[in-house]
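Participant: This is the structure, below, for whatever I ask next.
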Amino acid sequence: MKGLPVLSLLLWLCSVYFVGIYLFVSGFLLVRLEVNRTSGCGDVLQPGQEPADFCRVQPRFRRVVLLVIDALQLDFARFDPGNTAPRPYENKLPVLEETVSSRPAHSRLYPFRADPPTTTMQRIKGFTTGSLPTFVDVGNNFASSAILEDNLIHQFVQTGKRVVFMGDDTWESLFPKKFHRSLPFPSFNVKDLHTVDNGILQHLYNTMVGDDWEVLVAHFLGVDHCGHRFGPDHPAMAEKLTQMDGVIRSVIDRLQNDTLLVVMGDHGMTDTGDHGGESQKETDAAVFFYSPFPLFAGPLSQSEPDVVPQTDLVPTLALLLGVPIPYSSVGQVLLPLFPPHGQTEGAVGGLSQLEALWINAKQVNRFLETYSTMAKDIPPESLSQLKDTFSQLSSEYLTTIRGGPSPSPELATSLQAYLTSVRDTCRATWAQFNPFKMAAGLAILTLACLICFILSELSFALNGENRSGLKAQVAVALTAGLCVAVCQLYTRGYIEVLWCVAAAAFSSELLFLWRARQSGVCAVAKNGSIAPKCATWLTPRRLLAPPLLVLLLRCASLLSDSYVVAEGRVVTFLVFSLALYIPVHLNWDSLLLPPSHDPLKPAGLLPSPALSPSTVRKESSTLLSCLGLLIGSLYLSLSFHSCREEQGSCQPSPFLSPLSRLQDSQLKNLHYILSVVSLGLCTYLLRCCLRHYGNLNSSGGTVFTARCILPLLSVCLGLHWAVSATPEDTFRNLTELISLAQLALPRAAFCLLGLGLFLIWLDPLTVFVKTRAEYSARGPSLPPPRYRASTGISPQAELHHLIPQIYQRMRRSLDDGELSGGSEAESRPAVEAYGLGTVYSAPLLLFCGLLGIGLLLLHPEGMALSFLLLLLEMAALLHIHASSTNLKGLQGTFSGGYNVPWTPIVLWSLAATQFFHATGHLPTFPSIQWGAAFVGFPDGHTGTTLPASLVTLNTFAAHILFAVGCPLLLFWPLVCEIRGSRGGRAFGEGGEDAVMEMRLRENPQQFSSALLQLATRYLFIHGAQVFASVCAAAILRRHLMVWKVFAPKLMFEASGFVVSSVFLLVGVTLVARVDVAVGRWFKRLIPDASR
């Protein structure tokens, strides 16, 4: 097999797909244009007076203490005295409600609503700048960079206020060198509930009694980390909330009259303790205001807001502390914190509600005017209407200030409505799109899908004609990219690399299509078979075949938000339907059962089956049994699904929770036993398969991996689960040992996994060879079968999987030796090779199994049963495909060659998506299992590359396993081949016998073409789904659900395609590596063979 041309062609195809995806995404998910201007003390005019230094007037408050309790959900802050049996997160913060009830003029508690994405970095950015985030900002949560927009921290520092910070180290990266004093603590280790909080408490109270600060920020993380680790409904959450209750009480006792206290949550959390999305439980936090000096006019009234948007904190704090409102803020002042108009004298320290609204409206109008000159994305009619509204309100307000009639209540209401309209307009239009990049990305993806489909249908012809490889495509791509770069440099004065890469990809695609057209679709391949004509494979009957029709329906359905929400169950139904189509289609063609003999017809007029009816019935039984196993696996896999917010009545699988979250000891033990048994069955079944085909008899690296490393890896995994499930306070004397085990066991598993994969790559052969000398040493015995290349040790396995020809040249060499004469001992076979019939599939199967157990390490323990179902489903699909191929061959309808039909490939790819959902994942950001980043690293990471890689491996585990195992679809029909099922004339004189995978060695060109066809078909299926997601995002970019459903689906689909492509290349590369090793093995075995 010529592996390098196949790999280079696949690599080029994947690269073209990647360019198209990146180009579209860069046009679809643009970051909002930031206005890099800063408010100053002279920018804001004191109402009704000449310009003055706004910052020198005495503010309402001299100091502020900002306590950020990460993930302080609104339900945590409420107190219900009638609740006699509160849950762990209920009634644990009574100080808030008690203070509001006992001192209503001093305090308020409001719902505090965040804008999605509800990740910590974006929320800090939101309540310090007052701006609205964009969808793409969610990807920056673990790569926080300094905030360049004007913000509260910058305004505090600019006006001479000393800011002291302690807590989440994210603030340090967002506001570098801004703090007078900083005490950051690492934030990424979600399993650590106490380090950050205890570190804050060591310095908080001493700092408060000091006089070296005006702004004190303390960001507690314990509640958020407890939610991630245990969920809100856990005793550990009750302990953290009780601790926070004590902290708030202590801070209140230490406050001075000129100090404002703000206690707030940056976001909420779901019932599973996650956040990042836009469900109400994730967006609704709590905010609490308190001052020892009366702050409010009276008790809570009907006119006060029901919900406070998080952006409103920015202008409110700015005006209360006497600093300019940040330039890009679109927030609205919280009116209850300002006295009604007429009760102040106009000083900044005593701003009335109307005055605060005017300053706020003027600042927002200034930002709107600046932004509209820099960007043209706000609709002109909306912009014109907002300008007219502000002009009218300005005239009315200035008339009132200059001695006109007393302001009407409607003026304040109108100013609020104006501020709300600006924010709503910005939120609706700050999804910027670049139509040119989106269109270019769509064009490149369209051609990539077309090329993939052409290659999949004409691989046997095009692979033979493409002798020059990709030299012409690379040359044209480089030329096109260089030309675009020169044009950009000449016209713009700079080079945008993305357009150069896009031109290179597009030109190489056009050249390939032109060469495919010119090479002739009727070219004769080397093996003498005629390539299919264009008119043959473009007929509606072929294009609308059931497997392609299922793919078309799935792609079309991606434009429906309801389908995306229910995708897990729908894909399960599609797998079931397409699998059921196989026996139905065989029965329709009268291939499922042996043909019945009609005694009235002459025997010569009947087509005689290739084998006996009992063999046909046996294959049919195998197919139907595997279909039953597949259906059972599909049904049970539904028990491991997670739930989206849109699925209101849905309950997530209990297996998604780590064992450490379970409180019931019996239930925890039951889950652990199920997990260990499932893990043991996976290991046992894998070893049984390898042993059955004789692949555990040699002494190579792959066999050592199967015999030793695989069981050791499983043992490490089982012990790791036991240690992780142990509560921290169970064995206090063994705390250090348990901590060491939590660190050592997963790292040992990672090392074993790496060693096993390396050994498989280094020495992939699993062939056990017996030579003539070994037989002579044993003494006289019954002569074994001639030219044996058996796949097992037991006599039954040897007879069933007997390979009478190992290789044509080996047989001729042995025949020549026998004709030359010799003794009886010398007439025995020179070579017996065990495991040669599965020489390609065995290392690939072990590679998948080892990788699967390694990926299971990154999942919750309960997912072991789901991974067992995944293994069973893969086996069922392979055997269904093999039995179907055998039945077609037994009845004389086998078409020849190694063509893998569309049906098993579509099933294989749909199964990858199905098990993406069956391992607890969803195409939503809150469903990402962040805990995977800390497996083996309980103390956190110093960088972001390793944790991001671990989370990616966890999220796309199903895509990885099915992509690596994709070449098994080519090998398994040969592994399960029955004598005579493929016809003898097509494969040489020994073709009537089952030679299993050695058949691939007889025609390397056909082997390469078949592997290329399989890989391109698999790429086409996943690429078509990405293309459909791209079309859905482009067409529905103004849809109500675009950022909640379609954009996340696009990101996950594109990421899944990238991961699948990479690991498909890994699988194909491993096959090429095995082929090289097999060639060297034959060369050593028969020195005079040149193959």
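Glycine residues also receive a Cβ, built from the backbone N, Cα and C atoms like all the rest.
Remember, predicted model here, so these are calculated numbers, not experimental data.
Sharing the features that TrEMBL gives for it:
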TRANSMEM  7-31  transmembrane segment
TRANSMEM  438-462  transmembrane segment
TRANSMEM  474-491  transmembrane segment
TRANSMEM  497-514  transmembrane segment
TRANSMEM  570-588  transmembrane segment
TRANSMEM  670-690  transmembrane segment
TRANSMEM  702-723  transmembrane segment
TRANSMEM  743-762  transmembrane segment
TRANSMEM  833-858  transmembrane segment
TRANSMEM  864-884  transmembrane segment
TRANSMEM  896-916  transmembrane segment
TRANSMEM  956-975  transmembrane segment
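Relative to the rest of the structure, where do these features sit?
Facilitator: Remote same-chain residues near the transmembrane segment (474-491) are listed as 499-501, 503-508, 511 (criterion: CB distance under 8 Å, separation of at least six residues from the stretch ends).
Panel annotation: around the transmembrane segment (570-588), residues 546-547, 550, 553-554, 557, 563, 620, 623-624, 627, 630-631, 634, 637-638, 877, 880, 884, 887-888, 903, 906-907, 910-911, 913-914, 917 of the same chain, lying at least six beyond its termini, place a Cβ under 8 Å from a Cβ of the stretch.
If one looks beyond the transmembrane segment (702-723) by at least 6 residues along the same chain, the residues whose Cβ comes under 8 Å of a Cβ in the stretch are 659, 672, 675-676, 679-680, 682-683, 686-687, 690, 695-696, 738, 741-742, 745-746, 748-749, 752-753, 755-756, 759-760, 763-766, 842-843, 846, 849-850, 853-854, 856-857, 861.
Using a Cβ-Cβ cut-off under 8 Å and counting only residues 6 or more beyond its ends in the same chain, the transmembrane segment (833-858) has close neighbours at 679, 682-683, 686, 689-690, 693-695, 697-698, 702, 705-706, 709-710, 713-714, 717, 720, 746, 749-750, 753, 756-757, 760, 764-770, 788-793, 801, 803, 806, 864, 867, 870-871, 874, 929, 932, 935, 950, 953-954, 957, 960-961, 964-965, 967-968, 971-972, 975, 995-998, 1000, 1067, 1070-1071, 1074-1075, 1078.
Using a Cβ-Cβ cut-off under 8 Å and counting only residues 6 or more beyond its ends in the same chain, the transmembrane segment (896-916) has close neighbours at 460, 529, 545-548, 550-551, 554, 567-568, 571-572, 574-575, 578-579, 581-582, 634, 637, 866, 870, 873-874, 877, 880-881, 884, 956, 958-959, 961-963, 966, 969-970, 974, 982-983, 986, 1000, 1006-1007, 1010, 1013-1014, 1017-1018, 1021-1022, 1025, 1056, 1060.
Beyond the transmembrane segment (956-975), the same-chain residues lying 6 or more positions past its ends with a Cβ under 8 Å from any Cβ of the stretch are 693, 837-838, 840-841, 844-845, 847-848, 851-852, 855-856, 858-859, 870, 874, 878-879, 881-882, 885-886, 898, 900, 904-905, 908-909, 911-916, 918-919, 996-997, 999-1000, 1010-1011, 1014-1015, 1018, 1055-1056, 1059-1064, 1066-1068, 1070-1071.
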Participant: Count the Cβ pairs between the transmembrane segment (670-690) and the transmembrane segment (7-31) that lie under 8 angstroms and are 6 or more residues apart in sequence, then report whether there are at least 3.
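Facilitator: Answer no, regions not in contact.
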